[in-house]
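Student: Handing you a structure now.
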C-alpha cells in the first residue's frame with residue numbers, strides 16, 4: 001500500500017487547517033478567519049483501502065516576534081523535515097512571495113507539491129497567472145489549484161500525493177484518525193471559539209489549559225479549563241459584560257466538543273492572568289510547546 005507522512009506548510013491563513021479537515025472528512029484542526037490560529041503540529045490520518053496518508057498540519061511560516069512564535073516556527077520546520085512529502089500552500093489571490101520561493105529553495109527539493117488555494121475567488125485568467133507565477137518563482141512542476149473550503153480539487157490533489165508516496169506498511173491502525181489525545185482537541189476547540197468571538201488582539205494573548213477531563217459513562221463528562229490572558233485589561237474583554245462573552249464561548253465550545261466526542265459534556269471555564277506567558281519558556285513547555 002501507499003503510505004507516508006505529508007506536511008502541509010505555508011504562510012498563515014492560506015487554508016492549511018481547512019485542507020486537512022477536508023481530506024479527513026471531519027473537523028480535526030482548529031479553523032478561523034484570523035491568521036496564526038494553529039500553534040502546534042496536528043496529525044491527521046487519511047485511510048483508504050490501499051493507502052494511508054499521515055498529514056501534518058503546521059503553524060504558519062512567519063518572522064517570529066516573540067518566544068511563542070519562535071516555538072511555532074520550530075514546530076513547522078521540524079514537521080517539514082520529518083515528512084516524506086511537502087505540500088506548500090499559498091493563497092491564489094496573494095500569490096507566492098519571494099520569501100516563499102527562497103524557503104522552498106532550501107527545503108524538500110524534489111519532494112514538494114505546490115497547492116494554490118482559494119481559486120474560487122479568481123477568474124480563470126487569474127488562476128492561470130497565479131499558477132504561472134508559482135512555477136516561475138519555484139520551478140515546482142506539480143501545482144494543484146484547489147478551493148479547500150468548497151472541496152474543489154481535493155480528489156485530484158490526493159491522487160497527486162499518492163503518486164509521490166512510497167509503498168510500505170501502514171504506520172497506524174486503519175480506524176485511527178490521529179495520535180493526539182482528546183483533551184488536546186478540546187483545548188483547541190475552546191481556543192477556536194475565542195478566535196471566533198473575541199476581537200482585537202485578545203485571542204493571540206490567550207492559551208487554554210485543561211485542568212480536569214473526567215469521563216463518566218452514562219453521565220456527562222466533566223471538563224474544566226482555564227483560559228490564560230497576559231494582562232488584567234484583557235480579562236474583562238474576554239469575560240464580557242455580565243459574563244455574556246464567556247457564556248457564548250462556553251456554549252459554542254460545548255456544542256462542538258460534544259459533537260467531536262460524540263457524548264454529552266459539562267464544560268466549566270475560568271480566566272487567569274498569566275503575565276508574559278508567550279515569552280516564558282516554562283509556560284510554553286506547560287502548554288506542550290517546549
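Each residue's number is its place along the chain shown, starting with 1.
Note that Cβ sites are derived from N, Cα and C of the backbone, with glycine treated the same way.
Quick paste of what TrEMBL says about this protein:
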| type | residues | note |
| --- | --- | --- |
| DOMAIN | 2-167 | domain 'Era-type G' |
| BINDING | 10-17, 57-61, 117-120 | GTP binding site |
| REGION | 36-40 | region 'G2' |
| REGION | 57-60 | region 'G3' |
| REGION | 117-120 | region 'G4' |
Student: Can you name the residues of this chain that are 6 or more positions from residue 58 (GTP binding site) yet have a C-beta less than 8 Å from its C-beta?
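Tutor: Non-local contacts for residue 58 (GTP binding site): 7, 8, 9, 16, 38, 41, 75, 76, 79, 80.
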Student: Counting other Cβ atoms within 10 Å of each residue's Cβ, which of the binding-site residues 13, 16, 119 comes out lowest?
Tutor: 13
Student: Against which stretches of its own chain does the region 'G3' (57-60) lie, if we need a Cβ under 8 Å and a gap of at least six residues from its ends?
Tutor: 7-14, 16-17, 20, 29, 35-36, 38-44, 72-73, 75-76, 79-80
Student: For the region 'G4' (117-120), what does DSSP give as the number of helix, strand and coil residues?
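Tutor: Summed over the region 'G4' (117-120), the classes give 2 helix, 1 strand, 1 coil.
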Student: Among the binding-site residues listed here, 10, 61, which has the most company in the form of other Cβ atoms within 10 Å of its Cβ?
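Tutor: For the binding-site residues 10, 61, the Cβ with the most other Cβ atoms within 10 Å is 10.
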Student: Need the DSSP three-state call for residue 10 (GTP binding site) to compare against my parser.
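Tutor: In the DSSP reduction, residue 10 (GTP binding site) maps to strand.
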Student: Sort residue 61 (GTP binding site) into helix, strand or coil using the DSSP assignment.
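Tutor: The residue in question, residue 61 (GTP binding site), is coil (DSSP, three-state).
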Student: Please work out the mean pLDDT for the residues of the domain 'Era-type G' (2-167).
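Tutor: The predicted confidence over the domain 'Era-type G' (2-167), as a mean pLDDT, is 93.
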